[in-house]
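Q: Before I ask anything, let me first share the structure, which is written out below as structure tokens.
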Amino acid sequence: MSEKINLMDLTRQQMREFFKELGEKPFRADQLVKWIYHFGEDNFDNMTNINKKLREKLKQVAEIKAPEVAVEQRSSDGTIKWAMQVGDQQVETVYIPEADRATLCVSSQVGCALACTFCSTAQQGFNRNLTVSEIIGQVWRASKIIGNFGVTGIRPITNVVMMGMGEPLLNMANVVPAMEIMLDDFAYGLSKRRVTISTSGVVPALDKLPEMIDVALAISLHAPNDELRDEIVPINKKYNIKMLMDSVNRYLSVSNANHGKVTIEYVLLDHVNDGTEHAHQLADVLKNTPCKINLIPWNPFPEAPYAKSSNSRVDRFQKTLMEYGFTVTVRKTRGDDIDAACGQLAGDVIDRTKRTAQKKQFGQVIGVVNQ
């Protein structure tokens, strides 16, 4: 018997083709997508508006399978981090509630190949790309856990950011269909302004993105000059800052999802990239690119060669940029008591080691604390 097809690997259009091949009406795909994503259903028997004969046929050839939660950790600030089981490995998904929204940070790869020196995920190295079902399945599983707001009191997901483990633009074949499902009114129906793809600067893929999908864009810049960026974001050696910003401006010229602006992400590293001179250089780099700048206090991880910028250095950096007229925010660190903060996602390899050590110390698996 051939392997069953996971319907979570299919966009609604692909599912319509699947039903045609089964000799069924394409509208059945619309029904299935609604059942899977609107109602969180993964059991064909519970799909009451689909006749029993078709349900039995589907059970023979298809399945609905999302990653399972291996470990759940809840922060004192409401952030939840899940280690999701994907095959024999794990990736991490983070739920971040705020007063007016709730953002889900989703992984696109097991590990990451880009080797950014300040990021714990990069220290794990790259293992493989996630499939469509493993990406959209993170959203499905999180939505299932969060449940009904009226019952659980947990705010439903309003935004999805592809800012978890991995470089999304190195897995476009799976990331783009997953985002299509996020945007599909029959699935999650998120606005394209509420789905964000983040990249460290894979320029050829970024140039292709507008032909495939229109979503909000964030750029992990982190340095204002090529010499420094070559060191801390090594992909810059291949696609330098000018090449990247030219590509960003091309994307903005055709995108409707960004309000005409890109988000620039900038992790502040003490006495590395957080000086006033760096702020002036950054202002010069961004002067021709409509943007908002998100400054991110660095989140420490074991054996990292960096320190966190002081509040005074962060404030000075922000004020310098604001004097140029930029909109500049400082990201509030969320979930750092469970290593769910930006740059701390390391998945099974590192987390498992840390959890084991804590288990020996405290006799139970607890939220990971910064060392």
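A Cβ is built for glycine as well, from the same backbone N, Cα and C atoms used for every other residue.
Quantities reported herein were computed from a predicted structural model and do not represent experimental measurements.
These came from Swiss-Prot, pasted as-is:
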- Glu92: active site, proton acceptor (ACT_SITE)
- 98-337: domain 'Radical SAM core' (DOMAIN)
- Cys105-Cys342: disulfide bond (DISULFID)
- Cys112, Cys116, Cys119: [4Fe-4S] cluster binding site (BINDING)
- Gly166, Glu167, Ser198, Ser220, Leu221, His222, Asn299: S-adenosyl-L-methionine binding site (BINDING)
- Cys342: active site, S-methylcysteine intermediate (ACT_SITE)
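For the listed features, I'd like the structural context: burial, neighbours, distances.
A: Just so you know, the Cβ of Glu92 (active site, proton acceptor) picks up 26 other Cβ atoms within 10 Å once every protein chain is counted.
In the predicted model, the domain 'Radical SAM core' (98-337) shows an average pLDDT of 94.
Around Cys105 (disulfide bond), the C-beta neighbours below 8 angstroms that are at least 6 residues distant in the chain are Thr93, Val94, Tyr95, Ile96, Val161, Met163, Gly164. Under the DSSP three-state reduction, Cys105 (disulfide bond) is assigned to strand.
Spatially close to Cys116 ([4Fe-4S] cluster binding site) yet at least six residues away along the chain are Ala122, Ser200, Ser220, His222, Ile232, Val233, Pro234, judged by Cβ distances under 8 angstroms.
The 10 Å shell around the Cβ of Ser220 (S-adenosyl-L-methionine binding site) contains 23 further Cβ atoms across the protein chains shown.
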Q: Could you check which of the recorded positions (Glu92, Cys112, Cys119) sits closest to Glu167 (S-adenosyl-L-methionine binding site), going Cα to Cα?
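A: The answer is Cys112.
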Q: Measuring Cα to Cα, how many angstrom lie between Gly166 (S-adenosyl-L-methionine binding site) and Cys112 ([4Fe-4S] cluster binding site)?
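A: Counting only the Cα atoms, the answer is 4 Å.
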Q: List the same-chain residues at least 6 positions away in sequence whose Cβ sits under 8 Å from the Cβ of Cys112 ([4Fe-4S] cluster binding site), in sequence order, or say none.
A: Cys119, Thr121, Ala122, Gln124, Gly125, Phe126, Met165, Gly166, Glu167
Q: How many Å lie between the Cα of Asn299 (S-adenosyl-L-methionine binding site) and the Cα of Glu92 (active site, proton acceptor)?
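A: Here the two Cα atoms are 16 Å apart.
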